[in-house]
Amino acid sequence: MSEPILELRGINKSFGAVHVLHDVDFTVRAGEVTALVGDNGAGKSTLVKCIAGIHPTDSGEVLFDGRQVSIHGPKDAADLGIEVVYQDLALCDNLDIVQNMFLGRERGKAGVLDEADMEQAARRTLASLSVRTVKSVRTPVAALSGGQRQTVAIAKAVLWDSKVVLLDEPTAALGVAQTRQVLDLVRRLAEQGLGVVLISHNMNDVFEVADRIACLYLGRMAAELPTKDVSHSQVVELITAGRSGDLGIARPDMAAV
Amino acid sequence: MAEAVAVGADRESLGGRLRDIGFWADWAAVIGLVALVIVFGLASPSFLTLGNIQAMLVSAAILIVLAVGQTFVIATSGIDLSIASIMTFGAVVLGLLYAAGWPILLACLVGVVAAGLAGVINGTLVAKGRIPDFVVTLGMFSAASGAALILSDGKPTQVVDGFLLALASGSVGPFGYFIVVAAVVVVVAHVALFHTRFGVHVLATGGNAEGARAMGIRTGRVRLAVYLISGVLAGVGAILLVSRVGAAEPAINTTYLLNAIAAVVLGGVSLQGGRGNILGPVVGALLLTALTNGLTLLGISQYYQPLAVGVVVVMAALLMRYQR
């Protein structure tokens, strides 16, 4: 088992009176895919946005590579090597693949873009992920299929020597063949030594690619287990009830509040 | 993989079917301009004379400068309704400072700065105040023309100065200085929009502001910057306007406002943002100028000009729906 690359301890987050995350602990290991599951409103997206620096946390600590770090904005997270592939707001349709992959971190001197350099890097990254479905890196993203878009979004995330990649429902709107492509890609990221977090509602996807499963229930971490130690139905129970047998939250009366 | 290929092939054949109309839509402004030149060229012998072409380019210069500023704002999915009022405001500041005995270059500079400040106010209210662009700039439209009226007491100020006279009448080869100024603005704007980090951020802000923000782009700053650009270019327009008229007038130049937006629309820039293009709006501005010029040469009452402009713009917008 590899070392934790990212560790969250006792994270709390409220939006006004709504306490969304309660003392959440969460660990991401390099070279592994950790699935983050939970019902709608369990706090998955909020947790990801806290890690990404979009939402500031109220309390708790974040360790990256064993060091304590503070993440105050998307830039801090990116500087650490944490990349997020968002479900809905991943790409700008009106820009091409290269522009999207380098968005916010364009290469060039004095603000003038170095297009050739960026095109090459984009091609190299896509090739390293064995992506062959994209014809030209100058294709506008609007002209790509759902699977291709997700591929580009993921490639964008690994372009940056990133260490941790968080994927928010990368297969949500995809067909069977495209889901296959994306799951292969997710596996390949872990094989390259990245810490991968996969948010998904799809149990088949989770059991197929994840090494560990972390289950949020009403803003609490109900369980964090190796995939081989749990069954489909146990995970479903953890998601819907917060506990399953001796797994999960011990006091359901507390959790039900 | 097979699926990806199939999708590509499908798009190809769809593109083939749309090719005709899509081609027309992409080149609407250019085709319109060529058509106008042919029609007016045949109808009026003086339309295609060198003198008239020069005159058209000179009178298009202010509109081009304004349309370029407007393009940046519209590319972020905003709209600057105050651009012509800010130009008026800048012109009045310029004129009053000149009348107060300031050196002309300094007066021009402060005029541009004043216009830029008005742009900054627009940008700050839009970005920080989170008020819709339309409302903010509608307010500024009124406020800037009001300020111009107050400052000037509603009276025009004569500005008779060697520098501005030379600007209006001098030329480099066959190209008047106005054309040179407009050309410089166009080239700089084109480079800024398509070859700089800033340009990509402008288009990203217009295309998907939320996504751009998640990528660490400060979309608020981008919005502020485009309104600053729009304001400064309105200031540049003010110098050209004062130089052309020979006076700073607190008149509300509504025609410039509407034509600046019309030129951008004619140029194929989507009002929804995210689609920028500098040369299109330039061609759009030339088209609108050629239209008014041609109608005047044909002796058609100037009352028909706004009608013609309106028809052309709406027809172009209809055609844009088929843009690829």
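A Cβ is built for glycine as well, from the same backbone N, Cα and C atoms used for every other residue.
Since we're looking at a predicted model, the values are computed, not measured.
Pulled from TrEMBL, these are the features on record:
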type	residues	note
TRANSMEM	B:21-43	transmembrane segment
TRANSMEM	B:55-74	transmembrane segment
TRANSMEM	B:81-98	transmembrane segment
TRANSMEM	B:104-127	transmembrane segment
TRANSMEM	B:134-152	transmembrane segment
TRANSMEM	B:172-194	transmembrane segment
TRANSMEM	B:224-245	transmembrane segment
TRANSMEM	B:251-271	transmembrane segment
TRANSMEM	B:278-297	transmembrane segment
TRANSMEM	B:303-322	transmembrane segment
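Outside the transmembrane segment (B:303-322) by six or more residues, the chain places 18, 21-22, 24-25, 28-29, 32, 255, 258-259, 262, 265-266, 268, 270, 287-288, 291-292, 295-296 with a CB less than 8 A from a CB of the stretch. The stretch in B:81-98, B:134-152, B:172-194, B:224-245, B:251-271 that contributes the largest number of Cβ pairs under 8 Å to the transmembrane segment (B:104-127) is B:224-245.
Sequence-distant neighbours of the transmembrane segment (B:224-245) (same chain, 6+ residues past either end, Cβ-Cβ under 8 Å): 58, 61-62, 65-66, 68-70, 72-73, 75-76, 78, 80, 83-84, 86-91, 93-95, 108, 111-120, 122-124, 126-127, 159, 164-165, 167-168, 178, 181, 185, 198, 202, 253, 256. With respect to Cβ pairs under 8 Å, the transmembrane segment (B:81-98) is most closely packed against B:134-152, considering the stretches B:21-43, B:55-74, B:134-152. Below 8 angstroms of C-beta separation, residues 15, 266-268, 280, 283-284, 286-287, 290-291, 293-294, 297-298, 312, 316, 319-324 of the same chain, each at least six residues beyond the ends of the transmembrane segment (B:21-43), sit close to that stretch.
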